[in-house]
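Peer 1: This is the structure, below, for whatever I ask next.
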């Protein structure tokens, strides 16, 4: 939710929408003629440049997505760009793209009678009586009016608006806050009501992290819900990017990325996926260059278990991950969005661009970001590798937020601290369920890891606070997690997931075995040196773990049932000369046998 800090530009309020724009008149913006000290606020290079229209993010099933269609500070270079970064290059805006048809259908199903292509409804124009019969009582305090003095409106979206306010009394008397006002008349479906309820619950649970605005409380009366939060007065990250001519230096980009990754890692550890990360959804607390960055707009966020996949298509087109468009995603989708942000920070253009949303989606699914154009050849190889590993189209090969903070480009920065990573527990669960043969293969692979690759694993092992003899058990894991747990972690059922690590209840694991259990084969595969890793690991496996094995025995070790055509699936896993695992079989064993492999036969 955007905690906006400036009034809407009244000069645009009476302008008509751009042709074919799905936005209401009040939010379609023509080129501004205003200037500061005689200079145009927007950087222009041609007669057509400087025209800034609100970007229309693809349709969301949650009205909360539109609550904070932010109006940027009056002297910002992005004054007239209300909901998006402009065009491919940050100096050249373009008209809003058309919505994608299949996403219109999603919105239609979600909002019932509301037509998706007319969902951008100006405030106050919704039909009377929407949502009649729905229970719109949230159980929030009804004392908002007695505690706060509501001030000027500072931002407006399709389903709500934001006001500045201040405490009327108490120790905080006179202190300014941001209040997100959500009219209950806009809550026309049970899903919309539940979205608001979940947003408040998540904000309440996560509040307290350095890179999240402080959550004060939520209130309601007969007409509205009021969410009271810290007022961030430094403007959007988008504004800072534009004020710097469209890009950051590597060092400054690192400072921004560390803060973004810290809060994303925290959310993911708690089992919360944001689903709408973009420069507009990060605010600075003040105008100072060194001010803290805060993640906002949790209107689309949701709980997700480590072994769960979501299927709602939500977010903003330029930042959406490929797997979101495929309707099967988890926390990795947020990391893709972070990758798009850092790409923009370093070069000033978007990695995926088209003039229509369907074109953007095609680019996201099929195109590779360019690292050939300036300034990429002049940037460090570590910076390029960092961005590439966040923008891997295979979510299994993408870095997590904690791993990104362990990357050589970032890890030596003073503020970079590696947080606990929920991925470790997913990988440990798979390892504990593996056959003895696969465990031996993973142990061989773990012995080929480089110092940089081991850095992340050492940090994760240390966070589990091993005993004096250097081992961990299930109790170490539970204890370490509980120290960082919020109510969100309970709601995402992560403690329940840990029950699947019960094999550690009666045994302990040393660091060497932990490396085998917690390494990601898919992520190693994404490296240029993967072939070298695999060959070296196979040589070790030949000496320490490989043995003659019958196909039926191998099938049993892999847990394949009688319905699986094991000879068809596994025939090329074994060497015909001695019946031992071939190199191909070894690599496949590292991954295990997936249902996709079985179906292929």
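For all residues, glycine too, the Cβ spot is worked out from N, Cα and C.
Heads up, here are the entries from Swiss-Prot:
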type     : residues                                         : note
REGION   : 1-55                                             : region 'Disordered'
COMPBIAS : 26-35                                            : compositional bias 'Low complexity'
REGION   : 70-98                                            : region 'Disordered'
BINDING  : 154, 155, 156, 157, 158, 159, 160, 161, 162, 180 : ATP binding site
REGION   : 415-445                                          : region 'Autoinhibitory domain'
REGION   : 434-454                                          : region 'Calmodulin binding (CaMBD)'
BINDING  : 467, 469, 471, 476                               : Ca(2+) 1 binding site
BINDING  : 546, 553                                         : Ca(2+) 3 binding site
DOMAIN   : 567-596                                          : domain 'EF-hand 4'
Peer 1: Give the helix, strand or coil assignment DSSP yields for residue 553 (Ca(2+) 3 binding site).
Peer 2: helix
Peer 1: Other than 467, 469, 471, 476 themselves, what residues in this chain have Cβ atoms within 8 Å of the centroid of the Ca(2+) 1 site's Cβ atoms?
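Peer 2: In sequence order, the nearby non-listed residues are 466, 468, 470, 472, 473, 508, 510.
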Peer 1: Could you give the Cα-Cα distance between residue 471 (Ca(2+) 1 binding site) and residue 546 (Ca(2+) 3 binding site), in whole Å?
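Peer 2: Residue 471 (Ca(2+) 1 binding site) to residue 546 (Ca(2+) 3 binding site), Cα-Cα distance: 27 Å.
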Peer 1: For residue 154 (ATP binding site), name the DSSP secondary structure in the helix/strand/coil scheme.
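Peer 2: In the DSSP reduction, residue 154 (ATP binding site) maps to strand.
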Peer 1: With every protein chain in view, what's the tally of Cβ atoms within 10 Å of the Cβ of residue 546 (Ca(2+) 3 binding site), excluding that atom itself?
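Peer 2: Neighbour count, Cβ to Cβ under the 10 Å cut-off: 22.
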Peer 1: According to DSSP, folded down to helix, strand and coil, what is residue 469 (Ca(2+) 1 binding site)?
Peer 2: coil
Peer 1: Minimum Cβ neighbour count within 10 Å among the binding-site residues 162, 469, 476: which residue?
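Peer 2: Candidates: the binding-site residues 162, 469, 476. Fewest Cβ atoms within 10 Å: 469.
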Peer 1: Check the Cα-Cα distances from residue 160 (ATP binding site) to the binding-site residues 467, 469, 476, 553 and tell me which is shortest.
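Peer 2: For residue 160 (ATP binding site), the spatially nearest of the binding-site residues is 476.
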Peer 1: Taking only the binding-site residues 467, 469, 476, 546, 553, which one has a CA atom nearest to the CA atom of residue 162 (ATP binding site)?
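Peer 2: Comparing Cα positions, the closest of these binding-site residues turns out to be 476.
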Peer 1: Using C-alpha positions only, work out which of the binding-site residues 469, 476, 546, 553 is nearest to residue 154 (ATP binding site).
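Peer 2: When the Cα distances are compared, 476 comes out closest.
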